Every structure is written in structure tokens, then in C-alpha cells.
Amino acid sequence: MGTPGLPSPLYPVGDERFERHGVRLLLKRDDLIHPSVPGNKWRKLVPNLAEAAGRTVLTFGGAYSNHLRATAAAGRLLGLPTVGVVRGDELAGLPLNPSLARCAADGMRLCFVSRAAYRRRNDPAALSGLLEEAGAGPGDGVLDPFVVPEGGSNEAAVRGCAELGGELREAAAGVDVAAVACGTGGTLAGLAAGLGPRQRALGVPVLRGGFLGRDTEALQRSTFGGRRGDWWLDDRFHHGGYARVPPELEAFAADFEDRHGLPVERLYVAKMLHALVTLVGEGAFARGSAVAAVVTGRPEPS
Ligand SMILES: *Cc1c(COP(=O)(O)O)cnc(C)c1O
């Protein structure tokens, strides 16, 4: 499936907002791992598709889900059939948006279900009914699918992301803090577990709600048997919630692109970078320390 760029590049960038406080900023370019399955999605999906071992991979997402798109691309690359259960049956009769069109072009079978049915997807008893209703049951030729949860965060994914921590642990640049944007917390759960004993991980939730500490801990518990690594969350940088990009965040991201020539993905990466610039200004990082910003994805081509 093409050679992924692992370990992903890690390099320092000169940014006066950090230098002023004696802090080094490094970029961990996970967005460069693979052209069609970038970033943390590669780290999370590849162990899952290996475990699927040829079975149809079935997963879930909203109409703009990065996870669905990455699953479709990874399935095509590895030669596994994929089924995407999409939230919202009102979408069924409409033209596909660009994200879903990409999924379909990669061979993913898309099944639209009502929001009520979608909410029951994690109940094993309800799931088979949901799949029948969606046209993705045994009667439709989908036998014994390998089910990956919405957002792709399960034990295999967390283990895959521990390798991200391992790369930063080994890095010659000497990373003290690694920062990552969080949706489900799977990437943070693995990253923190893979870091070395004197390193810390910062998670920046992009959704509102304050559930991420619990979810990340639950993922670490089911994967490793308990909490692992030294990690914390800062809940101040969601900018109103998922997919909200208010003008001040847009301006921040455009300015960061100008300064560093880095394409800044807005829904996750911009919020994490904004958190780091704010935190360094607040004196949150010790003088002489190095902060690695994990670039988990790249902007959609428009
Ligand atoms: C999916 C995604 C995340 C969130 O990863 P989780 O493991 O769900 O926390 C972060 N950044 C980008 C660019 C993503 O696409």
C-alpha cells in the first residue's frame, strides 16, 4: 500500500512567541505519513485492518467524517471491502457531499440510517437490526463484518498510536511535552502511553462537553489495564465545538501558515496550535523545554 513515511518527520520551527519564553517548538508531521490516509488515522486504522484479516470492515460516522474517508482509503489500499454507516437518513436521497463522494470513489458502500438508529450502534443486539435496516446485513452479502467504532478508537488503534509516543520518546531533539488535538481521545491515549518517563502529553479537545478525560482513561484501561503516562487536558480551546471555526481561529491559522509554510487543518490542528501559543504565553512550559505539536492531519484540498 505504498511505503508510509514512518517515523514521521520531527523538526524545529522558529517562532518568536515561543522563543521569547525560552521554549522550542517542534512539528511532528504525522500528516506526511501517507498521502491518502494521513496522520493519526493511519496509525489507528492499519492495526485494525490487519486484525480484520480479509473480512469486510464496517464503521460509522457523520457526513463529514475524516474517519470514514480514511477507512475507505485504507480499505482500498489494503484490498478490504468497507461499509460506512452514515448518521442521518435524510442524506440518502441527496447528492453525496465531497467527503462521502470520496468514500464512494474508494469503494466504500454507504448506508444511511436515522439518527435514532445510529444512537443504538454500540448495542450489539440493536446493531444487527440496524445493519439489516441499512442494507448492510447478511442478506445483503455483508457476512461477519469487522466492526470498528465511530472515530476508530479501540484497543488496536490505541496501540497503534503508542508508536507515535515511541517515536517522540526516541527523538534526538529531546521532547518534553507532546500536544495533540482530541476527538475521541484514542490518539492521546496511545501517545501518552508510548512517551518516556519524563515526558508529558497535552490533549486539546475540539468538542465541547468535558467527557474526554473519562473516555481517554477508559481507552487506556481497556488497552493497557490502567492509566498510562503523564497526560492532561486543556478544555479551553474548542472554539464553540466540533467543526466550529470562528473568525479569530481562522485568522490564527492563516497567520500560522504564513509564518511557517505549514498547511493548517482547521478542525483539529488549528485548535491545538492555538492552545500551544496561548499556553506558552501563560508561562505553562518551563524555560529550556521543547514542545512537539503533533500535526495529525492536513486541510482538505478545496
Ligand atoms: C480524527 C482526527 C483527530 C482526533 O483523533 P482522536 O483519536 O479521535 O482523538 C485529530 N486530528 C485530526 C486531523 C483528525 O482527523
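For all residues, glycine too, the Cβ spot is worked out from N, Cα and C.
Computed over the domain 'Tryptophan synthase beta chain-like PALP' (19-297), the whole-number mean pLDDT of the model equals 95. According to TrEMBL, the domain 'Tryptophan synthase beta chain-like PALP' annotation covers 19-297.
If you look up TrEMBL, you'll see K41 marked as N6-(pyridoxal phosphate)lysine. For K41 (N6-(pyridoxal phosphate)lysine), the same-chain residues that are 6 or more apart in sequence and have a Cβ closer than 8 Å to its Cβ are N66, H67, A70, T71, A74, G152, G297. Annotation note: K41 (N6-(pyridoxal phosphate)lysine) sits in a helical segment as assigned by DSSP.
Following the DSSP three-state reduction, the secondary structure of S65 (active site, nucleophile) is coil. Residues annotated as active site, nucleophile in TrEMBL: S65.
Around the Cβ of S65 (active site, nucleophile), the same chain contributes S99, E150, each under 8 angstroms and 6 or more positions distant in sequence.
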